[in-house]
Amino acid sequence: MESSFNVLSTPMQGSFISSSPQVFPVASRNKIWFPSQHSTRLKFGSQERSWDISSTPKSRVRKDERMKNSSAISAVLTDDNSTAASLEEDVDTENIGLLNLDPALEPYLDHFKYRMKRYVDQKKLIENYEGALEEFALGYLKFGFNREEGCIVYREWAPAAQEAEVIGDFNGWKGSNHMMEKDQFGVWSIRIPDVDGNPAIPHNSRVKFHFKHGNGVWVDRIPAWIKYVTVDATRFAAPYDGVYWDPPPSERYHFKYPRPPKPKAPRIYEAHVGMSSSEPRVNSYREFADDVLPRIKANNYNTVQLMAIMEHSYYGSFGYHVTNFFAVSSRSGNPEDLKYLIDKAHSLGLQVLMDVVHSHASNNITDGLNGFDIGQSSQESYFHAGDRGYHNLWDSRLFNYANWEVLRFLLSNLRWWLEEYNFDGFRFDGITSMLYVHHGINMGFTGNYYEYFSEATDVDSVVYLMLANNLIHKISPDATIIAEDVSGMPGLGRPVSEGGIGFDYRLAMAIPDKWIDYVKNKNDQDWSMKEVTSSLTNRRYTEKCIAYAESHDQSIVGDKTIVFLLMDKEMYSGMSCSTDTSPVVDRGIALHKMIHFFTMTLGGEGYLNFMGNEFGHPEWIDFPRDGNNWSYDKCRRQWNLVDSEHLRYKFMNAFDRAMNLLDEKFSFLASGKQIVSSIDEDNKVVVFERGDLVFVFNFHPDNTYERYKVGCDLPGKYRVALDSDAWEFGGHGRVGHDVDHFTSPEGIPGVAETNFNDRPNSFKVLSPARTCVAYYRVDESMSVTEDDQTAISSELLQTANIEESDEKLVSPSVNISDVGQTVVVSVEESNEELKDSDANVWDDDQSDD
């Protein structure tokens, strides 16, 4: 949704800020972002208020066995500790550690104390009555259908029901002989004895919960804890049925591979199984595992994020209108098929995250959890009553997170997916709606702390998220947990023990909107290097981010991907390698590579790409719906485009593979050393260091610069590690990869202000128009052969599993102690060395020598 804002925020005070920047809002399609105004040589990012701020997300059409610093300039850096490393059993409700990181939160100390006390009290209650949080989250061993000795036991929480029975194929859909009993907590139960030594309810047979509500009317509902749900695909608008899933041992999938270790930094491939086929149909879990997972591994991603796994009756919701929380989406297969997919991913060394939707539930009654809410009070329901229980933009119900059984249901849901399916973590969807009683609707977040810590904060929901993150990290210490929040709530990505909410990462949601705005609305000459750099580095101190240039949001119908915006109709006519590259296609491929690489290297501590965007997939996603005559034509990925040697899509895919391989070899995403040494506005060049690499981005549409002076930290010899202009990436081969770039010392040692852009050393490079090049420092102790293999060359592009080098080129002048800080040391109008050398524009066939 679109909003306009004019409220200014006050920056925090911090030792790394040389002056108080003026902060102003920039509205976007569905977010708002506050870039920092900075002048020459400004350092920023430490404890300045610098994070993504935005308005509400746009409306979405959307077992048993487990019971038994010497440097003159400060670089900021991130350690390798996850949120899990700081989890503590004893939480101090008086001394809030988060305030030590951000003194500007001090006025809200009472708020933090209150919510911390609420968290501690809730956790203690659970421990007193359920044994422990982990045991509380084993609700799926009690509720729903479970095998016990000689019988099946079925339990359902339905406090408003007057009578209840279980019906299904097993009893001819007549429940008079299977009446259920209700306890004092509103839980109905029944024991169904085996028949002739066999379960009375056969595996893979249909079942439903049949109950009478206050008006005396009997209704059928799918059991809330059901593990599998199916629909008759031959009947239009057929109702879903719950399925009793308990396959014999011979039909169960048994995991063969251990979970891969948690990566230093996640490189995430966001995927939708159903639309992953090249054909216009629903793809299966097993086909995705066999056909798509190898592509993901070959492109050097280390994490897969799966969308739309939880069952949703409306396919076009992209999986965000969940109807059955414990059931896998039956469109793509059964539970054993999903286990096969996850095990296959683990065999390839890929972690698997799930999009978990606990922010809301489908409004459907007959096949959704909403069907249990019949006239009872909020205290006896899964959902809040009235406006607080309904999201009018999403047309969905909103949970009552203070309710005991709702907590059991949701926390158990998390444990179920972790333990039954071996998922490695979650991306929590839409939590802005959870964090505030207004759900972010018609709310423009300006960055004023009062907006985050006031009566508008839904403390019940915050406590639930704290419990959820605590639980996940206890069960699976190597789990990765990501928050999708567009409000920018401080503390979201800090440990619960500090007063934070406990996520490992937050999505940097303002970045894609900035790129879409630039590509749609600005000429290349009008691109501001200051603004795009600020957008990428504008993230909250100590809270890690997942950066992305585009996700599924930019791919759905009504929007366009970056490459489609850049090339439009020439995506259909100008991608053949047998013809000369048109100016439109040449620009499009060059900027596609630069935008994604710039985002990856400067935007966060992790990176995400949506399925197909790595090779510039044309067109958009459109799920079958009434508006397109229920067509699957756009609900697919055209893998044949990237597989065709004669098409230029292969160049973007090769560069994507090389980007990820660069991080695999140099671990720059996991390094907190992020120093922007030069923003050259006139020449459209940005120079920065990330980890031990030096990056040079030249966004100028025409100008190529000879002997462009680049500052760096360590002295020595530098070579090209990755070059977007290489032939194998569809470039023009202008940069020499066999050139040694020797550094020269700058200024007075130890006196930063006498150095070149505050860097103690420099070297000179060729910087062609619309290119980005990464340089590595040669380890003189390496052999010539070893050094030759360091660059991300075409030979390495085909290697899917590259061993990480044991060599750690860590600067002795960097103090690795903090998380998430960026330092900008120079914003200049042009490169002074370049002005003095009468640089000219080179032809395409020239190279650096």
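Heads up, the Cβ atoms here are built off N, Cα and C, so glycines get one too.
As annotated in TrEMBL, region 'Disordered' covers the listed stretch 828-849 rather than the other ranges in 36-57, 828-849. The active-site residues Asp429, Glu484 differ in how many other CB atoms lie within 10 Å of their CB, and the one with the most is Asp429. In this structure, the C-alpha atom of Glu484 (active site, proton donor) lies 5 angstrom from that of Asp429 (active site, nucleophile).
Across all of the domain 'Glycosyl hydrolase family 13 catalytic' (288-646), the predicted model scores a mean pLDDT of 94.
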